[in-house]
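Participant: Annotations for this protein, taken from TrEMBL, read as follows:
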type	residues	note
TRANSMEM	33-51	transmembrane segment
TRANSMEM	58-75	transmembrane segment
TRANSMEM	81-101	transmembrane segment
TRANSMEM	108-127	transmembrane segment
TRANSMEM	154-174	transmembrane segment
TRANSMEM	204-228	transmembrane segment
TRANSMEM	240-266	transmembrane segment
TRANSMEM	273-291	transmembrane segment
Amino acid sequence: MLWRIISLVVGVGAFFALPAVLAEFQLFQVCLIAATALAVLGLVIVTGLAGQISLAQAAFVGLGGYIPAIIYTQFGVPIWAGIPLAAIVIAAVGFLLGQLTLRVSGHYLALATMAFTAIVQLAFIHWESVTGGAVGLAMPTLELFGISYTSGRGLYYIVVPVTALLFCIVYNFLASPVGRTFAAIRQSETAAEAMGINVLAYKAAAFAASGFLGAIGGALLALLSTYLDPSQFGITQTVYFLAVAVVGGMLSPIGALIGSAVFIILPEFLQTFQTYLGLVFALLLLGFIVLRPNGLVSMLATLRRIVPSRARGAR
């Protein structure tokens, strides 16, 4: 309990201190990490924790950006109201997708969710009167209490608290019996069914959670980029989210945050090798798949065990 209080105090202190010490671009990077982590968190739940291979995350993220923008331009619904509304709708879509596809598994499930992503992307491209077609759609500015949030510094006070709140909710959710049920399903669906668990319902719920978090993350990413490009929401983007989750750690929510930080910050240190950046990330991903399938989170957990034991040995 004491550590939780200390962590909370440190976190709140860091939240208010960062704008004073970081430049505008650096705050934008922090926001980008937070929003990406939220999008990846949905994938961690459905694929890492519930054990279902989903290639639908880019579609959820894209819908999370497009729906608030569309209902603002078509009906005048403010962005601050459109984002949660879109998240609820996309959670329902995720639940229905789960119900329709979860009677299949493995690579068949991957193909079904990949088809869903392809259909959504095609809708973004060809429904020109609503989505702007291949040209894309401008993301309206977020306004709250008469204040417009446009810069990285302004959006920081929206993106980071929303991300922190949802991460806390997910952590508490995973510590509950529902989280333990997901773990049981991941380890053995047959054993879970024998225990009386409604496996299909829980799988569909995992897809709903993935859709909700992906939608919020997508909306925040759209606010940061200010523009929605349909080419950003295809299979390639889903693979990117999967890579972030694998490198960070697919079995832990914090892995989404760590992986996002690596994929967003590392290019800044490798600007000299921009031509080979794709190769660097491919080798990085391959290395983690082969050597550290549980990602950077498992490395940090190992270090946390080793350091105290060595300290005790030194005494």
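Backbone N, Cα and C define each Cβ position, glycine as well.
Structural setting of the listed features?
Facilitator: Sequence-remote contacts of a segment are chain residues at least 6 beyond its ends whose Cβ falls under 8 Å from one of its Cβ atoms, and for the transmembrane segment (154-174) they are 11, 15, 18-19, 27-28, 30-31, 34-35, 37-38, 41, 45, 49, 142, 144, 147-148, 182, 209, 213, 216, 220, 223-224, 253, 257.
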Participant: What parts of the chain pack near the transmembrane segment (240-266), using Cβ distances under 8 Å and only residues at least 6 beyond its ends?
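Facilitator: For the transmembrane segment (240-266), the sequence-distant neighbours (Cβ-Cβ under 8 Å, at least 6 residues beyond its ends) are 29, 32-34, 36-41, 43-44, 47-49, 55, 57-58, 61, 167, 170-171, 174, 280-281, 284-285, 288-289, 293-298, 300.
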Participant: Examine the transmembrane segment (33-51) against the transmembrane segment (204-228) and state whether at least 3 Cβ pairs sit under 8 A, considering only residue pairs 6 or more apart.
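Facilitator: Between the transmembrane segment (204-228) and the transmembrane segment (33-51), which are separate recorded stretches, there is contact, as judged by 3 or more close Cβ pairs.
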Participant: Of the listed stretches (58-75, 81-101, 108-127), which one yields the highest count of Cβ-Cβ distances below 8 Å with the transmembrane segment (204-228)?
Facilitator: 81-101
